[in-house]
Amino acid sequence: RRTFIAGILITGVATTFFGILDKTEMNTFLVLSFAIRIVAALGDAALITANFSLVAVEFPRYIATTFATLETFFGLGLIVGPTLGGIFYELGGFMLPFLVVGVSFSLLGLVACVIMTVDKEPDDLDEKAPGIFALLKVPSVSLAAFSILAGAISMGFLSATLEPHVRQFNLS
């Protein structure tokens, strides 16, 4: 629980800071880009690792079904992300996509603090496997699914907005 919340908050704050980098000079931009993305990657790694652990604890008998559901949201995010990123970039330039993702992640972290209960023992589940909608009714699964969706969206549309700023370095 703590790793999940810390990961989502670190990713959110780092992503927000990345959005204001275009206000810096070229050398500062390069150095801070690497530093901030490293911090964001550490937060993202904590978030993803915690997601897998939370699923295993909450649904010990239905791990495969739950992972499949969460991976579906990941795929949807990869599809929707570039489109949303392009829209946000056109509306507000370099900064807006990063601010949207960063603030969204930070808010999700705060929601996670409220929704996610303290670690508990898994309940005995009946033998019938729950369907996708039954799984999504569980707050921790919905939060994990939405976090994966938001993360995948951010990967898609943030990468699309970086190219115009890297173009000035004449890289292939």
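Numbering starts at 1 and runs along the chain as displayed.
Glycine is treated like the rest: Cβ placed from N, Cα and C.
Just so you know, TrEMBL annotations are computer predictions that nobody has curated.
As recorded in TrEMBL, the features of this protein are as follows:
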type	residues	note
DOMAIN	1-172	domain 'Major facilitator superfamily (MFS) profile'
TRANSMEM	29-50	transmembrane segment
TRANSMEM	62-88	transmembrane segment
TRANSMEM	94-118	transmembrane segment
TRANSMEM	138-162	transmembrane segment
By Cβ distance under 8 Å, which residues at least 6 away from the ends of the transmembrane segment (138-162) in the same chain are close to it?
4, 8, 11, 15, 18, 44, 47-48, 51, 54-55, 58-59, 66, 69-71, 73-86, 88-89, 94, 97-98, 101, 104-105, 108, 111-112, 115-117
Mean of the pLDDT scores, which run from 0 to 100, over the domain 'Major facilitator superfamily (MFS) profile' (1-172):
84
